Each structure stands twice: as C-alpha cells, then as structure tokens.
Amino acid sequence: MRNSFPPSDGGRSTTDRRQQSFPSSSTNRYNSRSAQSSPPLNHCTTWNQQHSQYHNTNFPPNYRRDRAPSSGFSPPVTRARPNFIVQLLHPAAANSDTKLSKKQEIESIALLCEIPEESVHVPQFGCIAASFSFRQWVDARSAVVALWDYRLQGRHDFVPELIPNVVVPSDMDELKDRLRDLFSSHVLSLMENGQGVKKVRMEIDDKSRQVASFSSKRGLKFEVFEKKKALEAERDLVVNRLDEFNNAMKSILRYLIGQDGYEFDVDDEDDEDVAVFSLEGAYDWRRIHYLILRECRRLEDGLPIYAYRRQILKKIHCEQIMVLIGETGSGKSTQLVQFLADSGVAASESIVCTQPRKIAAMTLTDRVREESSGCYEENTVSCTPTFSSTEEISSKVVYMTDNCLLQHYMKDRSLSGISCVIIDEAHERSLNTDLLLALLRKLLSRRIDLRLVIMSATADANQLSQYLFDCGILHVNGRNFPVEIVYSPSGTEENSVVGRIASYAGDVVKMAVEIHKTEKEGTILAFLTSQAEVEWACERFVAPSAIALPLHGKLSFEEQFMVFQNYPGRRKVIFATNIAETSLTIPGVKYVIDSGMVKESKYEPRTGMSILKVCQVSQSSARQRAGRAGRTEPGRCYRLYSKTDFDSMNLNQEPEIRRVHLGVALLRMLALGIDNIAAFEFVDAPVPEAIAMAIQNLVQLGAVVEKNGVLELTQEGHCLVKLGLEPKLGKLILGCFRHRMGKEGIVLAAVMANASSIFCRVGNFDDKMKADRLKVQFCNDNGDLFTLLSVYKEWASLPRDRRNKWCWENSLNAKSMRRCEDTVKELEICIERELTLVSPSYWVWNPNEGTKHDKYLKMVILASLAENVAMYTGYDQLGYEVALTSQQVQLHPSCSLLAFGQKPSWVVFGELLSIVDQYLVCVTAFDFEALYMLDPPPPFDASQMDERRLRVKKVVGCSSTVLKRFCGKSNRSLLSIVSRARSLCSDERIGIQVDVDQNEIRLYASPLDMEKVSALVNDALECEKKWMRNECLEKYLFHGRGQIPIALFGSGAQIKHLEVDQRFLTVDVHYYGDDVVDDRELLTFLEKKIDGCICSIYKFAANKQDCDEKEKWGRITFLTPESAMKATEIQKFDFKGSVLKVFPSLSTGGGIFKMPYFSSVTAKIRWPRKESSGRGCLKCPSGDIHSILGDITSLEIGTNYVHIQRDQLSNDSILISGLGDLSEAEVLDVLEFRTQRRDLNFFIFRKKYSVQCPSPTACEEELHKRIFARMSAKNPEPNCVQVQVFEPKEDNYFMRALIKFDGRLHLEAAKALQELNGEVLPGCLPWQKIKCEQLFQSSIICSASIYNTVKRQLNVLLARFERQKGGECCLEPTHNGAYRVKITAYATRPVAEMRRELEELLRGKPINHPGFTPRVVQHLMSRDGINLMRKIQQETETYILLDRHNLTVRICGTSEKIAKAEQELVQSLMDYHESKQLEIHLRGPEIRPDLMKEVVKRFGPELQGIKEKVHGVDLKLNTRYHVIQVHGSKEMRQEVQKMVNELAREKSALGEKPDEIELECPICLSEVDDGYSLEGCSHLFCKACLLEQFEASMRNFDAFPILCSHIDCGAPIVVADMRALLSQEKLDELISASLSAFVTSSDGKLRFCSTPDCPSIYRVAGPQESGEPFICGACHSETCTRCHLEYHPLITCERYKKFKENPDLSLKDWAKGKDVKECPICKSTIEKTDGCNHLQCRCGKHICWTCLDVFTQAEPCYAHLRTIHGGIGLVELGVPEHPVAQPVHRL
C-alpha cells in the first residue's frame, strides 16, 4: 500500500521518491524547474515560505476568475489579484448544480494539503465545491498534485482543476509531467500491491492448493474428478481476470508514458493487436482516474466475461459476425458495450444493443451509465425505448428494444450511423429477434464495416453460426460449481389433476419437504409454471425452520426482493416460475427442483388460435434451471422426470416465430417490399400454415389485399405498420378513432396488452376472496375489456399522489397501471408523429350509462378480433364453442361476465388459456346481428352455428329416489345413458343434467335430436319407476338357524311373497367381459329372458376389495322362487358379446345372516409317478445338524426302523435309508415331531424311470367324480368344482393337479380335501398316494391414499401375522397405484380372522353421529366439503371415505387421530350446515342479473353498509356463487334479506314477486306443515299425517295396502317412502302388521306357529297332501301342517284328533293284539313283551301276571307262581328273574 500521509517538512515528496525508478530525462526535467523553487510536493515548506504574501481571501458565489474575489462579510478592500486558482469540482458536476458544499470536508482537505485558511473559499451552492487562490506557481502546482495524490489514495472524491490567470506553457508541461508521474506510479502500485490484486493472488493460490490436493490422489472417482476440473477452470478464470487487469493497467501506462515522446518500459508480455483502451489526445486526468477505478471494480467483481475481454475484442476486430454464448450473470449485457466503447473496436459510430423488453433496455442503460460514470463524455450511453421517425441515433452506446431497431431499419435500411449491432438474449428467439437477424444477414453484405454480435445464455450456437455464414462462436465459461443431477420421476399419472392443480405441483411440494428433512442447509429453488401453482405450493409447504417464498412476475418489487433477503435460522424454499431461469440470480441456492414443465403461449396454425398452455421444457432450459444450484457452491438438481424424458425433450426452446401469430412480422416484411414470404430466409422458417393463417388474418383486418396473386398493403395496413403494434391492437385503435373515441381506443390497446396483470389476486384464500369482492364494483356486463377500461378511467381521474393507495385498496397492480399509462403516452406520441392524428384527452364513454358508444366499442372490438368468436352452446358443462375450431371451452373464472350470472350467446375473446382446462380470456359480449355488419364478413357461417346450438328441455315429476337411481352409483348409469344418446344421435355435445333438489332433469340436444334423447330418458325413467314400485325388503321372520321364512315386503306395505319352503329368491350375477356394463340394460335383459319380476337390486362396489372376484356384478332378488330357479338353470347368458352367469346366493337377509365371502378355495394336489428308492435326504438349517442328529437317532417310522447317517458330501444334510414305500409327508411328520422344528426340508430319492399312470384327462374325471360326491351341500352345482391335471415332463417326480372350489363352499371343500388326502386313484400303485395342499386365499385392495394413511399400522399388523402360524400375508402394489394384501392359509379360520382385522383397518371407522343426517352429509360432496375433508385429513393425518350412494362416512387412521378427525369433521360440517341455512342468494331465474354488483355498489365490497344497519351481524360475500353468507341470528338474516330484496326490486323488470300458492295436505286438508313428497307419485303431504296413516294401518288389517290419499291417485306408497319416514322399530311393527294381514287374507293357506307369540309361519298342507311336520326354527316345536296339532307320525290326522278328544280310545286302540293289563293298585297300563310272569309296577307293587295278585316283595310273588301256577314262566333264559313292569304312557 502506498503511504496515505503527506510528506514531512524536510523530506522528499512522494513524487520525488518515485522518480528514482524513472528514466533520467524525466528527472532532469524536474530538476531544472526545482532549481528555482522547493520540491513541488513539499507543501509545508512551500506555504511556510509564501503564505505571508497573501491576504485573507474569501471567494463568494459567481466570483470573477479574472480578478481577486471580494468578501461578502468584510468591507471591500483592495487585494492583489491571484495568479492561479485551483477549484475542486463535485464528482457529478455536470449533473448537479444545487448540491450543498461539504465545508468541513473541504477544510480538512485544505489542512491536509497545508493550504492556508485565508486562501480557501467554499461556496454554499453550485458545481464548485471549493476554490483555492495562489500567487505563486509553485504553490498552485503543489496543491494540484497533492489534491490528485489524495484523490488517488481515496481520501476525497473531488476533481481538482487549475485556472491559471497567468499562462506559462512550461508551467503546464511541468504540471502535466508531475501528474503523469503521479498517475503512473499509482498504476504501478496497483499492479504490484493493490488490495484487489492481493485478494486475487490469494484466491489463485487457494485454488491451486485445492487442485494440488486432488492431484496427489490416485484413482479419482468420477464425481471427484469433475470437482477437480471445475476448480481448475475456476482457477484459470481468476488468472485470466488478473491478466486482463494488468493488461488494462499497461494500456493506461502506455498512454501516460507515450505522450510527447516520453518513453517508459512497461514490460509488455505480448504484442496485442487490439488495445483495450483507445486513449488519444490531451490527458483527461478525471477520465483516466475513472477508468482505473472501473478496472479495479471489474477485478473485484470477477464477472466471467472480464477474463475474455481481449479475446472478444480481437474476434470482433477480425470478424464481422460473432456469436457469444455466456451464462446468465456473466456480464454480457453490461460489459460488452463498454469493452467496445473503450477500445474503439467497431465503435467508429454508434453501438446498438437490443433487448427483447423495454424495461430491460432501460435498466441496463442505467446500470452502464452508473458503471461508466466519468469514463465517457456526457450522453455517451442512452436508451431509446420507443421509435420515433424524427429522432436520430447519436449516442455512442444505445440500448433499445429489438422492435425499435426494426422500426429504424424500416426507416433507414442501411442503418446509417451504426457501426455495431448487438442482439442480446437471443436464446429467447423472439419474433422481432428472428426478423432482425434475417434482415441484418442481408445488410451485412452491403455494409462490410458493420459488426454483428449475437449474445445468448442458452441458444443453439451452431444453428445461429450456420445461419450467419458459419461465423465464429465464443463461449464465456461462468463461475458455476458442479451440479449433481438426480432423476426422480413421479409415480402419479402424467395428466392427473388434484383439484385445479396438476399433479406435478404436488410432487414438487413433496420433494421440497423431503429435501428439507434430509439435506444440509441451503436454499431450495423449485420451478413451477404459474402464479396459481406457486401460491398453492407456498400454502401446502409446511415444514419447521423453513420459510416458503413465492417468485413470479406479478409480485411487486418489494415482494420479489424478499427472496434475496436472509432469514437467520430458517431455510428459504422458493417456489418460482421460469422468471428465475435467466432473469434473476438468487444467491445461496443449493438445491433445485425441476418440475420439467413450463407455461408457453403457442399459436396453432391449424386453428388460428393463440393458446397459453403447459408443456415440457427444453433441454437447454432444464440445464439452465440446474445451473441455478451451482452459483456459489456445488449443488444438486432434482428432476421430477426420467432421463428418458430428458433425452426426448427439444434441445432448445421453440422459437417464437413458430409459436406466435405472424401478423406483425408479415406487415413489416410487406412494408419492406418482401412479397414472397415463403421464400424469405428465416433462422427457423414458420410452417406454411402459419403464414397462410397470418395472411388470412391480415386480410380479415383489412390491412392486406391480394391483387393478381401479390399481397399489397392497404392504407390501413400502412397505418398499422407505422404503429408497430399487433395488428389487432392497431385495428382497435384505428377503429375507435373512426368513431371519435380515440382516447378509448388507445387505452383499450394498452389495457388489453396488460390484461392478465391489472387485477392483483395474490395471497392466501381470504386475500383472494377479498380481491374478488373488490373487483365486482368494476365489472361491466359487456365484458372484460369494458371492465378494464372502467378501471383505467377511474385510476386516471385520481391525483397522482393517491393512485398507489387507491390501487392497494382495490387490489389492483399499481405497477401494471403505470405500465398501461406509459403505453398510452407512447401510443399518443406515436399516433401524433407517425399518423399525424390528434389524440384526444377526453373520454366520451361512460361506464355507468348505456349509450351508443357501448355499441361502437363492441363493434370495433369484434372487427379487431373477428377470428376469435365463440358461441354459447346452451349447456354449461360445454360452455362456449369456438367458431373456427368447434372447440368447447369455458369462460375463465376471472371473467367479468360471470359476476352477472349470465352467459351471453356470442362473445369475442383475446386468447385461449390452456391450464388444466381451456378457458376464454379477455372476453367481450356482442349481439348476433353485429356479425352481419363485419366487412369483410367473418370466416365462418354464423347462421349454421346458431342452428346447431343446443336447446334445453326439462323433465319434471320425478321423485328424488327415482332421480338418484336414474343417475346410479357415481353417476355411472347417467353417464351410460348420455353415451348411448350421443352414439344414437352422433353428437358428442348432448348432455343430461339431473337436479335432485329441484326434482328435474334437463336435456341438452339440438332440435333435431331432442325427440330421440327425450324418448331414451323417458324409457330409463319408466324402468326406474317400475323397479321402485316393485322394490321389496327381504325380511327374516326371526333370528336363528334352520328353516327361516323370508317375507318380501313391498309397496303399499304389503307382503308380496312369503317363502316358507326354503327356496331361494336371491341370485348372484357374474359378468365376464372387458367392457363396462350398463346396469339398466343388464337388468332389463334378465327380466325379459327370465320373464320374472325383480324386486331388489344390490350392486357390488366397482372397486371392491375382493379383486379375485371382480367378475361378480351384483345380487338381485326375484319376486318368485320360480323366476330365481329359472335364472340359475340357464348355464350362461350371452349379453352383448359377454357372458352372464347366475348362481343362487347364500348371503341374503339384509346383512345379519350373510356368510363371509372368500375368493376361490384352491387346492394343489400331487402324487408320485416315480417309485421311491427307500432313501431320502434331510436338509438342516445352518449350524443345527448336530442337535438334529441327536434328536432322530434310533428312529422308527411306521413299522420301519430307518438308518441315519450324516452326508459326507454336504455339511447340512442327513441321509435316511430303509424308508420302503413311505411318502415325504409321512417321514416329515415324524421328523418334525421328534425335533420339534418346522424349518426342515426332506425329499426322497426316487428311481430314474416313472411307472405307467392314467392320462391327465382320466385323472381329471376321476378326481372331479370323487370330490363332487363328497360335497355335502344341498344340490351343489356341477361347475362348483374345477380340476386341472398338468401334463408331466420327463424329469418330473410327481403328477400335479390344481383344484378350485366355489368360494361359498369353503367348508365343504375342506372336508372333501381331507377325505381325498392319502387316497390312490384307479390305475395307480399303492404307493402313489395323493397329497393335498389346501390353499385358502383372499385379497384386499386399498387405495394409495388409504395405504399412506395406515401404512405404519398395516405394517405392524402384517408383521404380527407373520409371527402367527397357519397363514401368510404379503403386500404388493397394483398397476394403478393401489395396494393389494394377499392372504394365504391352509384353513378358512385364519383367512377369516386376518381378513376381519384388515377390513377393520382399511375400511375405517364409520361415523354414527345423530346429527349426520343425509342432508348434512350431502355437503361433503360440494367443493367446500371436499376442501374441508382435505384440510382435516392433512391436519389429523387420517383419510376420510365418503360413500356418495349411501351417504355414509368412514375415517381411516389410528384410534386417537380418528377421534380427533371425527370431532373436527362433525363440528365443522354441522357449523357449515348451519351457515348454509343463513345464506342469501343473489342470482336465480327471478333475480335481476346485476344484483350482486348493485349490492357491492350500494353497501361496499365488505357489505359495511349492511353491517352498520344490522348491528352484530357478520357478512361475507362469495362472488363465485353469488351468495351472502350471514353469521348471526335468523332475525338478522331476515333483516339482511329484506334490504337485499328492496334493492332487487329497484330498476328490476320483474316487478313485485308473485304471491306464493299455498299447498294443501290431502289428509288433513290444511296447509302443508313439514311437508314430504311421496316418491311414487310426488304428491305433497304433512309428514305427521303420513305417520298417522301408517299408525292407523298397523291397528287395522283392512287398511292394507297403504295408498296415496290424494284425489284420483291411489298409488301405493313405496318402500323408499317407508324407509325415509319410519324408524327401524316402526318399520318392523308395520311389517309385522302386514304379515298378520297377509296370513289372514291367505284363505287358510298360511298359519302362524301354534306357540303363543312365535313369529314363524308355515304353509298349510292341501287336502290331497300328507301332513308333513313343521319344525319351528324359532321355538323348536313340531306341528302337523295338515291338522295343526302336534306332529303325529304313523297316525292319520282324523284318528289323532279322536285320540286328542278321548285319550282312552287311543289306549284301547293301541292295546289291541298286545299282552296288556292294568295294575290292580295304580291302574297303570302295562305291556308285557318278554321275561317271566313276575312284574314290578312303578308304584312299587309286585304283580303276578297270570292272576294279577299283588305282593309287597318279590319272593312271595315267586313263591306264589311256583306254588299256584307251576313255575315263574321261564325256562333258563339267562334273564333277570325280577323284571320291572314298564307302564305305557297315555298319549
């Protein structure tokens, strides 16, 4: 560092010390002058000698330099005139004449230079900061040199200037030499010891050490090698920077030393052809110093392009054209123009640098002016933002837009006065850029002195080089660090959508969360496509210690600046659009997430439409995004797509000339005389269709006409060329001028160009809703352009100091409004200069009044956009049909027309926006008649379009149940009938809408097709009405097992059928086909085929969890068992090319008696085909062979003693011999028992050749025969068993077979397989025993959402299953992203248990809250309900399942989280339901369309006017649904409703609201209270009256059937009504009453069980039938079905009745022919069958059977027999001697 202190009094000056190294000639020059005076820089000595000669002087402002200044503070005195005056000028003297002088700073400088105080004058104002007066030259010279010395040291920034009143040429030469030496010494010191040079050298040393550390390592990995290469490149870049700095300093030294023959050796290392500075003429010390300062800044800033300066200049000097490729941030845009201006290369005239945007040109101009301040003359750098034919290019460096340069070219086709053109940002390949390149390409051959430089960050350099005559390419390497690329493609489908946000946005948020959790610190930059996605991502990203920031073009400067700020302790996560690709460089970015998508405006030549759509980025853009991560340190880029996707991307962004309308370009080319557009040499030629469509558009606009095959500009076309706007905007302006609405036309063009950014809709959900409310006040019913016009008109009427605040208050973008104002001013100037028209300053259009000007404006807009016409289709779901393409598109949600709730028949739009759907934006309504006033006429047939418009027809009189069934589950039936209608009429526009709330169907079809569609819908409705009338409930009469009668309870509360004979009524329908089946067609087909009546339908879930049974369509119940039997007797039905099969259903009864469903019972069986060798091998687990050997020594298997020995050839095998004909299973059972292990593997060595076996076909038949015979089920179907025997290969040891059973027969299957195990088939040898391996399988599928919610619980459950014996579970993903759990077991019980637990987990817990009525649950199907569920799911980490058909809700998750979610859902939904009851609707068929706007105008966007009048009420306006949400009491709502109704009646054409018709209940004949409409006939009743009718019917059996009481109706009340009106308890009572009535009216054919209160019913046997017993399943009593008494086998009913009447008669009848007598004592009847004549009665008496004598003991009786009767009556029979009499029981 140079010493910053002044030299001491007696020492040599700094300058003198430096002179020692200079040539002697210089020293002699100084010495000759020094002989007369002191050393020049010895300030102290000089002033000590000379100060006495001066008086105390003070210089006032505007003093005369030719005389001594007079003091304004002392009396005028005569002073000596100073010979020399040294002035200090402010650094920005030319720019400031009012800057306050820094008096203290001046005094300190004077003191530092030892200038006497009396010589100092400090003016208060002006460009002169101070002046010093001197009498002696030596003092003046020393002061000037000292002041420059201190300025070079950085002690002050004033510019010293000498004003000599006495001019001596030698004095000036001496001062020049002194300053030259001073500056030269300063330059040398900077080169040797400058602070910046030291830092750079340290940086070089540090990089070299890092490179050396890699060089010492061997075998570098690829990543490390790449890092080494990056460090070497960075080191070389720094070295080149230092070389450039030294070269620049040497250039300055050469200039300083080379003047006047003064020579100095600067040790040039090489002889450069091109000098970096073109310095000539007299020394400008101020400029030289600024050049030095700028070089020092360049060295410290380290812009990459600085290291390539000489290389660039040499290339431009030698070559006419150059392509310069440098990454964003390399300094191309600011430095190259300065390099050229400094060096003089290609700078003989002006240097023009073009930018694609005006703001960029202005910003760069300011930046270059700031950097080069003092280096050039004033106005060297300028900006020409707009073209003017009267202005010339005069500045040395000019920044302008490419559009502006094109205009200059059209004025001067030689570009006179321009020596170099720089096309910047060429990678954007804008339309103007490509046109400029094409025109300059031709110009270069005419002007060989013109230089062209193409600058770009990512452009295809080779393509540009080839186009521009194979010019040279120079790559400027940036300061990037290596970036690791990670390809992480998403698992979601490419086009899937969540809400209105595409799936890739969710993937970006997930990746950001993952990176934040797992990676080290560093900013995350994520690329999305739009403002909506960016804000959505910021809301969804929730992570600790992180802050989510948005970055998109609509943010204010302050909001954008937030991404550059630091947030201590928090990681920045920036979600940005492609604005962050090249426009901005954000420091600290280490991780980049590339979604791979970008939103681009594309012009489709086929349709002539400009569409803004989301598409894939190019490879160059992907690399540019990845490069964001390597600016300050090595980074990582996560690409959410695969490497294959990257390779398939376009190499570069498609040029704008292929993406936009070519109207502007063609106009300019025609103006230039280029008539053969197709042959013009573009860089990338547009497709011929685009050129043709552009010409057609220009013809339509009246700008071009075709004469003799040649295109010519019309007068209007020439005007459009001069305006330089898009033709449609120019046409808009010219059309308005014709109607004397010039102001409106100019403003319309300005706001239309900025339409997307004027309304500011940013922030969270509430902020956006507020912005929507604020917008309503500006909405105009004529469309968006009128709305924007009214906004600008009101904004322009405000004082300038109020405009920003007004924009903030109304959610408007103040920046966009100012941009519109600038555009308006530019257009006004352009119109006045180029078209010589006077732009009016007044408005003639009034947004608050409908006048003829509205019509004029709409006509002008239509003429300007005649090709962008759309017609309302008549169907909201289709929206509008674009006239030229027949596309169906919707109005954008931000469209002003939606604020009025109307869809105009005809609209004209600005462009098509393609996001998730396609939308019309910038829409204006017009009348149909205006199309006939267009000249030329529109390019489509408007009349034909109007004829094709869809008409609407309403179908009323249908109940809500019929409508719901008409729609089907998930609207499947409705979609099917729509599809049939479209196919029938060959019109894809046909639509059918069902409004259940209004009980109506709306049909949308053309007039020709309406009859067909109406007939189709009516047929379907009649089917549904018929099935609703026939609908029955299956009711089991009691709970239990055995024979349970089933009642079919149907309409009219009647029993339609009572099944007591155990015949089946319900069947399962299986559909085997790939196509989606129409349920209604299928049911109608079955009814016709079977000629039966269907009374109940149950459709299995479309995504049911038993995926193995996906062929099961559903279950239907027939009204008679004969129909059901007939359906099952047919093996299969041919239904539209697919197969239908019908099986009896075993799971009926409304859910209580359902048997569990299993997938097919699969058994694998095998039997050996090769005989055993008697030896086998036991494979042991590793390390356990010794313990196993110990367990199985002395082993006996069956009757065989086996020999055990260890296998010498294997460490884990044991050989077992002596097995005989034992099978593997028999041996393994014994081994497992002895070792108590289940991990053994045993196999038998079998002989080489197989024995003769029956054929596989014979085996199949035999197996089927045996298994089917063992099925114990009643009447099993023959196809319930399938057997497949596989053909064996030569080396197979076993025959194998697969057996599948019907899943409903799992118990029978298990029994049959158990009996089959161990059997031998005919034709097989005894050792060929069958081994059965039963495999019971089932599977459950859950969606990815449920799986992600219960993943941890599911894994725990599966792990527990793994530890259990008897079953296995495995989890696997399916092709559609769901997950399947497969259950496999060897018995049904483990399957059932596992499945039950899995179902409980995956199906979730149902919400059984009393407040969860169907009306409340229906809210979950709305958008608000869906958002509520998503919010709760996210907060509680649960998943909510909504059954839309049954209106039930289940929640999946842990028990604690389910409880929390249930509480929040119930509370939130109940609150929402309550709020819905307090809503005021602002649109409807009888409401004025502008009511919402009137409400906002009258009461304010926040409805403050209503709140002030209704105290305590909380209101919120929902502009999308036109609803005021009232939070308060019902009385408050009524007050608000009253105020709104009063406003609605004002100016309303509808007048007063008609009186409502009071409806009368047909039962009570009073006004309906709490009404209910019957489903069958839609008649309205009081609900209480209907309930009373049901109660009366239960008490009176004659009241059945229950019918509608409306006059002339008499329709039976259907089951759906009874379900809706009655509780389950009351419904059971009604069914019981109906059963009683049914039995009573059966004419004795049916009877209740004789047991009191027993609900069972049996059929009475006919006269010719025998009395079969009825065994009651409820009370287990046995009843004769003929006589209804106790069951009496072997006795006729008539005789049994007689026995019942006279029991003795039955005894006598029984005793006939039998040895029967009575006990003399107890009179019991005794029958003797065998034994002796001694009997003992139950009363204890011993009786002689011969004479009936009675004894008290046995011995006397025996004695009596022997004595009286000659023996006991037995001959040695070996029977007991004392038989006991068995009394006969009377019946």
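Cβ coordinates come from backbone N, Cα and C, glycine included.
Pulled from Swiss-Prot, these are the features on record:
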TRANSIT   1-33  transit peptide
COMPBIAS  20-60  compositional bias 'Polar residues'
DOMAIN    313-477  domain 'Helicase ATP-binding'
BINDING   Gly326, Glu327, Thr328, Gly329, Ser330, Gly331, Lys332, Ser333  ATP binding site
MOTIF     424-427  motif 'DEAH box'
DOMAIN    507-673  domain 'Helicase C-terminal'
REGION    1557-1764  region 'TRIAD supradomain'
BINDING   Cys1561, Cys1564, Cys1582, Cys1585  Zn(2+) 1 binding site
ZN_FING   1561-1609  zinc finger
BINDING   Cys1577, His1579, Cys1604, Cys1609  Zn(2+) 2 binding site
ZN_FING   1628-1693  zinc finger
BINDING   Cys1649, Cys1654, Cys1672, Cys1675  Zn(2+) 3 binding site
BINDING   Cys1680, Cys1683, His1688, Cys1693  Zn(2+) 4 binding site
BINDING   Cys1719, Cys1722, Cys1737, Cys1739  Zn(2+) 5 binding site
ZN_FING   1719-1747  zinc finger
ACT_SITE  Cys1732  active site
Practice item. Round to the nearest Å and give the CA-to-CA distance linking Cys1680 (Zn(2+) 4 binding site) with Cys1582 (Zn(2+) 1 binding site). Key: 48
Study note, to complete from the structure: Cβ neighbour count (10 Å, all chains) around Cys1577 (Zn(2+) 2 binding site) is 18
Point to revise | Beyond the flanks of the motif 'DEAH box' (424-427) by 6 or more, those residues with Cβ under 8 Å of it | key: 332-333, 353-356, 360, 433, 437, 454-459, 464, 582, 620, 652-653
Review point. Counting across all protein chains shown, how many other Cβ atoms sit within 10 Å of the Cβ of Cys1732 (active site)?
Key: 20
Exercise for review: Would you mind ranking the binding-site residues Cys1585, Cys1680, Cys1739 by how many other Cβ atoms sit within 10 Å of each Cβ and giving me the lowest?
Suggested key: Cys1739
Check your understanding: Tell me, by DSSP, whether Cys1737 (Zn(2+) 5 binding site) is helix, strand or coil?
Key -> coil
Point to revise | For the binding-site residues Cys1604, Cys1683, Cys1693, Cys1719, Cys1722, the one whose C-beta sees the most other C-beta atoms within 10 angstroms | key: Cys1604
Study note, to complete from the structure: Neighbouring CB atoms within 10 angstroms of the CB of His1579 (Zn(2+) 2 binding site), all protein chains considered, total 17
Revision key, fill the gap. Simplified to three states, DSSP reports the residue listed as 'active site' as coil
Check your understanding: Relative to the Cβ of Lys332 (ATP binding site), which residues of the same chain, six or more apart in sequence, are found under 8 Å away?
Key -> Ile305, Leu324, Gly326, Asp424, Met455, Val476
**Study point:** Cα-Cα distance linking Cys1683 (Zn(2+) 4 binding site) and Cys1737 (Zn(2+) 5 binding site), given in Å to the nearest integer
**Key:** 36
**Study point:** binding-site residues compared (Cys1582, Cys1675) - highest count of Cβ atoms within 10 Å
**Key:** Cys1582
Practice item. Provide, as an integer number of angstrom, the distance between the C-alpha atoms of Cys1564 (Zn(2+) 1 binding site) and the residue listed as 'active site'. Key: 87
Check your understanding: Near the ATP site, what residues other than Gly326, Glu327, Thr328, Gly329, Ser330, Gly331, Lys332, Ser333 in the same chain have a C-beta no further than 8 Å from the centroid of the listed C-beta atoms?
Key -> Leu303, Pro304, Ile305, Ala457, Val476, Gly478
Review point. Given the binding-site residues Gly331, Ser333, Cys1683, Cys1719, Cys1739, which lie within 10 A of Cys1561 (Zn(2+) 1 binding site) by CA-CA distance?
Key: none
Practice item. For Cys1693 (Zn(2+) 4 binding site), name the DSSP secondary structure in the helix/strand/coil scheme. Key: helix
Study note, to complete from the structure: Across the motif 'DEAH box' (424-427), DSSP yields 2 helix, 0 strand, 2 coil
Practice item. Kindly assign Cys1719 (Zn(2+) 5 binding site) to one of the three DSSP-derived states: helix, strand or coil. Key: coil
Exercise for review: Determine, using Cα-Cα distances only, which of these binding-site residues is closest to Cys1582 (Zn(2+) 1 binding site): Cys1604, Cys1683, Cys1722.
Suggested key: Cys1604
Practice item. Starting from the Zn(2+) 1 site formed by Cys1561, Cys1564, Cys1582, Cys1585, give every other residue of that chain whose CB sits within 8 Å of the mean position of their CB atoms, in sequence order. Key: Pro1562, Ile1563, Leu1565, Ser1566, Val1568, Asp1569, Phe1581, Ala1584, Leu1586
Exercise for review: May I ask which residues of the same chain, at least 6 positions away in sequence, place their Cβ under 8 angstroms from the Cβ of Ser333 (ATP binding site)?
Suggested key: Cys353, Gln355, Ala360, Leu364, Asp424, Glu425, Met455
Check your understanding: Helix, strand or coil: which one is Ser330 (ATP binding site) in, per DSSP?
Key -> coil
Exercise for review: Determine which residues of the same chain, besides Cys1680, Cys1683, His1688, Cys1693, have their CB within 8 A of the center of the CB atoms at the recorded Zn(2+) 4 site, and list them by sequence.
Suggested key: Gly1667, Arg1682, His1684, Leu1685, Glu1686, Tyr1687, Ile1691, Thr1692, Tyr1696, Lys1697
